[in-house]
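Colleague: Just dropping this structure here.
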Amino acid sequence: MVVDAWVVLSAYTVLLLVLILIFQRGMLHTDSAKQFVRLITLTLVLLVSEVFGRIGEIYPKNFLFMAKIGYFIIFLFDPLEYLVAMDYINKWMERADSKGCIVFRRAFEVFVYGNMFLVFMSTIFDNHWFYYFKGNNYYRGMFFYVRAALVMIYCLLLDLYVFIYRKRINIFYRKAILMLPVLSLFGVIGQVLIPDLEMTYAMITVGCLCVFFYLQGKDVNMDYLTGVLNRRGIDMSLTDAINQFLNKEIKFSAIMIDIDHFKSINDNFGHLEGDRILTEVAKILRLSVKNEGTIGRYGGDEFCIIINIDDKKVLKEKVTAIQKKTKEIKGEIEVSISCGYSVYEPTHYVSGKEFIMEIDELMYREKIEHHLQDRRRRTEEKPQ
């Protein structure tokens, strides 16, 4: 018995999507992971709908209803795939709420919701705009190719969006995230060249699979709560920075950060508030550092930044700006941080560990100073 190529491809693709869902559902710690599951789920629904449609076309006497259900779902929801993919990419992007990003998203929303409305109207009133059934046969409607061209254009727009804002994507995940829209585009092109194979969803699945395995490899170095590197990850970044200096003489600095009175925040306002403060501080650090370096949660309420700054004055300005931003965090208590920082000088330090110990000591001194200032202020505020 000869099995059609589309059956084999669809079966393998469904299997891969189901396996990714099974493994990913146990790791829903972040918004990006939840959005990834939405993308996988939608792809699976569309692929199963495509299989329904094919079966209905091949066996119309008994299963024409499957073709009608399957193709209705595909025409209704397949543009949504690109909007969901964009939202997933935005989870890894800094300033995804900027004006330019919002304009792109609005353009996708117009197409997605406009398409849904027109498909509903065409189906309800039997207008034959995009597809229709006559007897036991499926036919393409008068605007089928117009819609197909728009889908292709929006696929290209997604690639353009990622290309324009690629530098805003977290540097550790940039390569994997960039693969998703590129492979989706290859899938659309492949679908045009080989219409008998469901290349679109297959290539989206390959893209998701690449992202999944890449993230699994990176997750061992990530802090789930804050989305920055963990202790292991930042230690590796420090080692890389030292090697870069030794091989290419690229100077760098490090900043150690500790949240003042963090234990008091947890004790008085609860651990949820403490977690919120940690994530807010991490967000400020990401926005402040951008592509200049890497950020890690060193432990508890401590963060470490490895940054491409070789001037002490510039480094101090950067730290001052971060401290100022941190005080703008809204909540039950004013948030402040203590910092220790220095430019790496190999003549002063035997190892990276010694370098970190020195800036940790500088941070500790500033922390004591902050505590003394707070104590004096409370004393002065007491009624006489």
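Including glycine, each Cβ sits where the backbone N, Cα and C put it.
Predicted automatically and left uncurated, TrEMBL annotations should be read as such.
Heads up, here are the entries from TrEMBL:
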DOMAIN    250-381  domain 'GGDEF'
TRANSMEM  6-24  transmembrane segment
TRANSMEM  36-56  transmembrane segment
TRANSMEM  68-89  transmembrane segment
TRANSMEM  110-132  transmembrane segment
TRANSMEM  144-164  transmembrane segment
TRANSMEM  176-193  transmembrane segment
TRANSMEM  199-215  transmembrane segment
Colleague: May I ask which of the stretches 36-56, 68-89, 110-132, 144-164 has the most CB pairs under 8 A with the transmembrane segment (199-215)?
Modeller: 36-56
Colleague: Near the transmembrane segment (144-164), which residues from the same chain, at least 6 beyond its ends, have a CB less than 8 A from one of its CBs?
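Modeller: Apart from its flanks, the transmembrane segment (144-164) reaches 75, 78-79, 82, 85-86, 89, 100-101, 104, 107-108, 111, 115, 130-131, 177-178, 181-182, 184-185, 188, 192.
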Colleague: Same chain, outside the transmembrane segment (68-89) by at least 6, Cβ under 8 Å from its Cβ: which residues?
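Modeller: Cβ under 8 Å, 6 or more out: 32, 35-36, 38-39, 42-43, 45-46, 48-56, 104-105, 108-109, 111-112, 115-116, 119-120, 123, 130-131, 133, 138, 147, 150-151, 154-155, 157-158, 161-162, 169, 177, 180-181, 184, 200, 204.
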Colleague: Against which stretches of its own chain does the transmembrane segment (176-193) lie, if we need a Cβ under 8 Å and a gap of at least six residues from its ends?
Modeller: 82, 85, 88-89, 92, 151-152, 155-156, 158-159, 161-162, 166, 169-170, 199-204, 206-208, 210-211, 214-215
